[in-house]
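Colleague: Sharing a structure, written as structure tokens. Questions coming.
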Amino acid sequence: MAPRCLLIGTPSIAAHPERLDQVYEIHHRSSTDLQMLDRIAAGLVNLPAATYDVVLLLADADGTTRESHKLFSRDVMNKVASALKIGGVLKSQAGPFQGAEKTEAILAGLTETEDGMAKPEQEEPVSIPLKFGKNKANGVSATNGTNGAVNPDGSVPLNLNRKRDQPEPVKPAGVGFVDFSDDLDDPIITGEDDDLIDEDDLITEADMARPVVQPLECQPKPGKRRRACKDCTCGMKEKLEAEDAAKRSSADKALNSLKLDADDLAEVDFTVQGKVGSCGNCALGDAFRCDGCPYIGLPAFKPGEEVRLLNNDIQL
């Protein structure tokens, strides 16, 4: 079975397919994968774990490593190291790794070999028993307590009268007393002058500019709305809140467009102007009708026009 190989190219080499054809003459296409370094750095590509025997970092279109040096960060190196099999090798087309790239490879767990940066085998931890023998260090046997003395008959004498080490008495737990009689003139150390490190200073501009990779748990499932985690740190919570605020503001604008202000309302008077109210002028409107007039609430009508009230329905 041919060894699996991963080719990592820079954006500049994508415009020169002849460079890739030269590489494919050495590495067979059926067992070789090609990924772009900028897509790996942006988190758009996930490399499979423990898959490749060889990872080859291609040089730039001009034969240098300037572009790859800018994109080959610690995060990218960790992804490449995890994609290597045990014993796999990371190589560079431009030559051995130097400087920061070599340091990042070592920090990712790779070791320097003649072929490149190899992924070593992880040995299982071995427990080593430790024997503490104070008598053996002094040349005294732990069995008989003597310096190797033997009786004429071959027996080993036992020194039963030897003084044994007495353990120190355990001090009772209680309130301790501190003697300040000899350091009254010394200044009291309060710890206010200790240098404190601001955690914001540890974040560089490159870390802030790095795109946020959305975890697989935060990606929406088919048929379900996206929901942010309780302790969301990928920005999904802020994004959803901004979307909800935008939808709420657009709905408020649509609702306000349907509301009528006081200036938009007009009062319509159906009464006939210039008439004096008295009984018999019911056709002129409510202003000329009595309190008990049966036409209260009806619009004005022509004098002499017949008005019928049938089942509370007005018929003129």
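Cβ coordinates are placed from backbone N, Cα and C, and glycine is handled just like the others.
Sharing the record's features from Swiss-Prot:
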REGION    1-128  region 'N-terminal SAM-like domain'
REGION    129-208  region 'Linker'
REGION    141-177  region 'Disordered'
REGION    218-234  region 'Fe-S binding site A'
BINDING   Cys218, Cys229, Cys232, Cys234  [2Fe-2S] cluster binding site
REGION    279-293  region 'Fe-S binding site B'
BINDING   Cys279, Cys282, Cys290, Cys293  [4Fe-4S] cluster binding site
MOTIF     290-293  motif 'Cx2C motif 2'
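Let's see these features in context: how buried, what's close, how far.
Modeller: For the region 'N-terminal SAM-like domain' (1-128), the number of residues in each DSSP class (helix H, G, I; strand E, B; coil) is 45 helix, 29 strand, 54 coil.
Using a 10 Å Cβ-Cβ cutoff, Cys232 ([2Fe-2S] cluster binding site) registers 15 neighbours.
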Colleague: In whole Å, how far does the CA atom of Cys232 ([2Fe-2S] cluster binding site) lie from that of Cys282 ([4Fe-4S] cluster binding site)?
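Modeller: Cys232 ([2Fe-2S] cluster binding site) and Cys282 ([4Fe-4S] cluster binding site) have their Cα atoms 74 Å apart.
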Colleague: Please report the Cα separation of Cys290 ([4Fe-4S] cluster binding site) and Cys229 ([2Fe-2S] cluster binding site) in Å, rounded to an integer.
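Modeller: It is 71 Å, counting Cα to Cα.
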Colleague: For Cys282 ([4Fe-4S] cluster binding site), name the DSSP secondary structure in the helix/strand/coil scheme.
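Modeller: Going by the DSSP assignment, Cys282 ([4Fe-4S] cluster binding site) falls within a helical segment, counted as helix.
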Colleague: What Cα-Cα separation, expressed in whole Å, is found between Cys293 ([4Fe-4S] cluster binding site) and Cys229 ([2Fe-2S] cluster binding site)?
Modeller: 70
Colleague: Under DSSP, the motif 'Cx2C motif 2' (290-293) has how many residues in helix, strand and coil?
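Modeller: Helix, strand and coil residues of the motif 'Cx2C motif 2' (290-293) number 0 helix, 0 strand, 4 coil.
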